[in-house]
Amino acid sequence: METCVLLLGLFLTSVHVTTAGSAAHRCFCQVTGTLDDCACDVETIDKFNNKDIFPKLQKLLSSDYFRFYKVNLNNGCPFWTDHSQCGLKYCAVKPCSPDEVPEGLKSSSYKYSEKASHDTEECEKAEKLGAVNGSLSDETRQALEEWKKYDDESDRFCMLDDEDSPESQYVDLLLNPERFTGYKGAEAWRIWNSIYEENCFKPYSVNRPLNPLASNSGDDGQGFYRWLEGLCVEKRAFFRLISGLHASINIHLSARYLLDENWFEMKWGHNVSEFQQRFDEDLTKGEGPKRLRNLYFLYLIELRALAKILPYFERSTFQLYTGQDTQDDQNKKLLLELLHVAKSFPLHFDETALFAGNNKEAMKLKEDFKLTFKNISRIMDCVECFKCRLWGKLQTQGLGTALKILFSERQIEAMPNKQHQSIISAQSAGNCVFVQRFRKNLHKCQRVEELQIVVVETQTVTVKMFQERATVQTDMHKHMTFPMFGYIQ
């Protein structure tokens, strides 16, 4: 859930993008009305995001609980052999020193407040009293642990880092913002091409519009969209989520662009031409508005996940624990306010419309959906730019967490405390950041003048909230895994 909040926060609040000029107006004038496969319209989302969600999310993500993210940036690429690394200085990530991270986040001895520990002990006593037979052999206990581990992994939508690995380090997201790094060209295209061509249910015979790695077939994209509309709603939704995630990344790159550099300072700001190149209807042969509409679709998914997870966070045993009691209490209060606001949205995405019908076919489709998104999360370890890899892992983890919340076989409300903790581990933070960034993307002053990245911030919050930082967690399994790099036209 932390991940959800982090990501939602990052999507929602990270950057203001001033897009003056006729081309920018054209970009947004085309993004109106009802979204495909949804009962919601763009205007309702804009109003709700800018007025109700954005201010709370922005404040929440600046807190210590959400700004520190533990990640392993040294995993090898599982799909191809490539030992090259980005040599650009803006690709570097500065990890935190041990004394910069609050003790409550990094030390297991600080994970539980006195109240939460007492509540957890009472729950454990009740469980023991109700147990039929508490004596298990070592072999049986090991088998049960392996079974539970397999069960947890089979329920995930993304791959997660091992937080206990010596390679995992805390990163301050505020000091390592997502922005343009100079990472582009063939290597960045290779990442996105692998995602779109091999992990979006698309046959190679169907050409994706504006793909720089494909030969020019003269297709104006109509063939691709005929194929897309012929898909089942679940696979169509999958493509739109990936496209929306890609759009959010490119909005960030355009919003935080290195405009000038000298011996004394670096000037970061909005690069209007970069934004237009990616989203203007004329410059993208009609693709730009579609990308922006997919960003709104992604926002609805993240928002619905935050609303659905509310019952868990209302439990008295749940704490956002950093060791700073007053601040922790304030953060939990603010988080609950945010989740209640999310729940109040009048036109939520109806997740029950997906994976419906024949149960056997629906289960097979969901498993394909899950495995394909897991693959995409693994591709993040192939990104050579470490700054891009950081934000890629965070955002895929945030979206993966949102999907788990919406489509897991286990109902959130029915989970006992310990199982709940496993959902709330690393994934929670990512989702929150993801939502935050997405919301920033959508937070536009006067609708056209300023574009803010909102989806990523929500993802960050979701990831963080599901991270191993929840106070009540006595037997928590590690979960972590989200994209940000050069755009494939």
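Glycine is treated like the rest: Cβ placed from N, Cα and C.
According to Swiss-Prot, of the candidate residues N133, N375, the site noted as N-linked glycosylation site is N375. Partner cysteine of C385, as given in Swiss-Prot, is C388 (from among C388, C432, disulfide bond). Between C77 and the candidates C200, C232, C382, Swiss-Prot records a disulfide bond only with C382. R278 is the residue from R236, R278 that Swiss-Prot records in the FAD site together with R179, T181, W192, S243, H246, R291. Counted over every protein chain shown, other Cβ atoms within 10 Å are most numerous around C96 among the disulfide-bonded residues C77, C96. Of all the disulfide-bonded residues listed here (C38, C40, C385), the one with the fewest other CB atoms within 10 A of its own CB is C38. Of the listed recorded positions T181, N271, the Cβ environment within 10 Å is emptiest of other Cβ atoms at N271. Contacts of C86 (disulfide bond) defined by a Cβ separation under 8 A and a same-chain sequence distance of 6+ are given as T181, Y183, E384, C385, F386, in order along the sequence.
Residues within less than 8 Å, Cβ to Cβ, of R179 (FAD binding site) and separated from it by at least 6 positions along the same chain comprise Y90, H252, L253, A255, R256, Y257, L258, W268, K387.
One residue stands out among the disulfide-bonded residues C232, C382 for having the most other Cβ atoms within 10 Å of its Cβ: C382.
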